[in-house]
Every structure is written in C-alpha cells, then in structure tokens.
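Below you'll find the structure, written out as structure tokens, and then a few comments.
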Amino acid sequence: MQQQTTTSTDSPTPQLENHSDSESNLHTSTDSPTPDVNVGKTSTDILRDVILWKRKSFTVAALLAATAIWLALEVYGLTFITLFSWIAMFLIVSTFLWGNIHMLLGKEPLDMSRMYISDESVVEAGIKFRESVENSLRFLFNVSTKREWFVFAGTVASLGLLSVVGSYLDLLTLLYIGIVMGLTVPVVYVKYEDRIKDLGQRARVRCHIYNSAATERCRMYYSSIAERVEKMKSKLQQKKKKKNE
C-alpha cells in the first residue's frame with residue numbers, strides 16, 4: 001500500500017513538468033514572431049516619423065544634409081559629380097576606420113546581416129507607387145471632366161504660381177524649398193489642424209457667397225441685356241411695318 005501511495009503521489013510531477021515545458025514552448029512560439037511585426041511596422045513608418053518630427057535626429061540630419069548640399073552646389077559652385085565623389089569617399093573611409101578600430105579594440109565585427117532589402121519592402125514600395133499614380137490620374141480626370149470649379153481654379157492657379165516662381169529660381173533651389181516645406185508644413189498642420197480646418201471652412205463659405213452673388217449679378221445683367229435686345233427687335237419690327245404700310 002505504501003508503494004502505491006508513493007507512486008500515485010510521484011506520478012503527477014512529470015506531467016506538470018511536461019505541461020510547464022509545453023507552456024514555455026507555447027510562449028516561445030507565440031513570442032517569436034513579434035519582433036518581425038515590429039520591424040515591419042518601423043520600416044514602413046520611418047518616413048512618416050521623419051516628416052512629423054517623431055524622430056528628431058533623422059529629421060535634423062535630413063535638413064542639415066539638404067542645406068549642406070544646396071550650399072555646396074549653389075553657393076560654392078561645386079558640381080554634382082564632385083560632391084557625390086567626396087561623399088562616397090567620406091563614407092568609405094569612415095566605414096574602413098570604424099571596422100579597423102573595432103578589430104583593434106578586440107570587439108566583435110559589425111553585424112551586416114540586417115542590411116538588406118526585403119521582398120515585403122519592395123512590394124510595399126511598388127504598391128505605394130501604383131497608388132500614387134492612380135490617385136494622380138483620378139485627380140487629373142476629376143479636374144478635367146467633372147464640374148469642380150474650385151479645384152480646377154486652384155490647380156490652374158498653383159501651376160501658374162509655380163511657373164512664375166520657377167522663372168526666378170532654378171531646379172536645385174526649388175527642390176531645397178520643397179524639402180524644407182515638406183519637413184515643416186505637415187508638422188504645423190498636425191499641430192494646428194483644427195484652426196486650419198476652421199479657416200478653410202470659413203474661406204469656402206465666403207467663396208460660395210461671393211460665387212452666388214457673382215452668378216446672380218451675371219444673371220441680372222444677362223436678363224437686362226436680353227430685354228434690351230428684345231425691345232430693339234420689337235422697335236425694328238414696328239419700323240419695318242410702318243415703312244411697308
């Protein structure tokens with residue numbers, strides 16, 4: 001009887017150990033794919049984080065790089081090939097020195113396994129490019145075919161303003177201004193979104209009021225001109241009748 005009791009008390013322990021092992025395996029299996037999801041999310045949202053100043057170091061580095069390139073090409077008169085060669089030489093020398101310093105200090109070599117372009121990123125880039133082309137074509141057809149006068153007038157006015165500004169500035173300066181505006185305007189819009197929407201709504205209401213007033217005046221002028229033309233026609237017809245009589 002004692003042997004039976006000992007066996008009965010000792011028997012659940014391996015089952016519990018196996019159960020705990022299975023739970024640990026389940027935890028490891030469920031926890032393993034989470035880094036890949038986080039990596040995918042961060043890789044797709046880097047540009048948005050840079051534009052919205054969520055990664056201030058990258059945004060400041062982009063502004064400084066754009067400013068340095070514009071100064072080197074526009075102010076100091078360097079050519080693009082010369083500047084590109086200097087930047088490439090600086091990167092190669094810096095990576096060479098960094099790798100040799102790591103080896104001299106006895107540290108592990110740099111892990112270059114993560115520096116690759118995954119298939120998912122290429123597919124996402126292709127999808128985004130296709131969506132941007134489709135949206136631009138839809139916008140073009142909406143402006144050209146549908147009767148959206150405000151969108152049509154805004155598009156034509158913006159293109160005219162761009163042509164006027166482009167006559168005074170070169171392409172490099174326009175690209176630099178576009179980069180600076182792209183890194184500043186979205187942040188200001190997100191910060192003051194409610195105020196900007198309120199001002200835009202007020203501007204739309206005023207534009208509709210002015211448009212309705214202008215159309216009413218045009219209709220009044222058209223009706224008055226039509227009445228005058230009819231009166232002139234009736235007078236001419238009366239004169240012809242009198243002459244015939």
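A Cβ is built for glycine as well, from the same backbone N, Cα and C atoms used for every other residue.
Annotations in TrEMBL come from automatic prediction, not curation.
Here TrEMBL flags 1-15 as compositional bias 'Low complexity'.
Among the features that TrEMBL reports, compositional bias 'Polar residues' is placed at 25-38.
The domain 'Reticulon' feature in TrEMBL is assigned to 47-245.
Taken from TrEMBL, the feature region 'Disordered' covers 1-38.
Sequence annotations record features per position, and here TrEMBL assigns transmembrane segment to 58-77 (among others).
Positions annotated as transmembrane segment by TrEMBL: 83-105 (among others).
Same-chain residues lying 6 or more positions outside the transmembrane segment (149-168) and placing a CB less than 8 Å from one of its CB atoms are 142-143, 174, 204, 207. Feature annotation from TrEMBL assigns transmembrane segment to 149-168 (among others).
What TrEMBL lists as transmembrane segment is 174-192 (among others).
Counting same-chain residues at least six beyond the ends of the transmembrane segment (58-77), those with a Cβ under 8 angstroms from any Cβ of the stretch are 46, 49-51, 83, 170, 172-173, 176, 179-180, 183.
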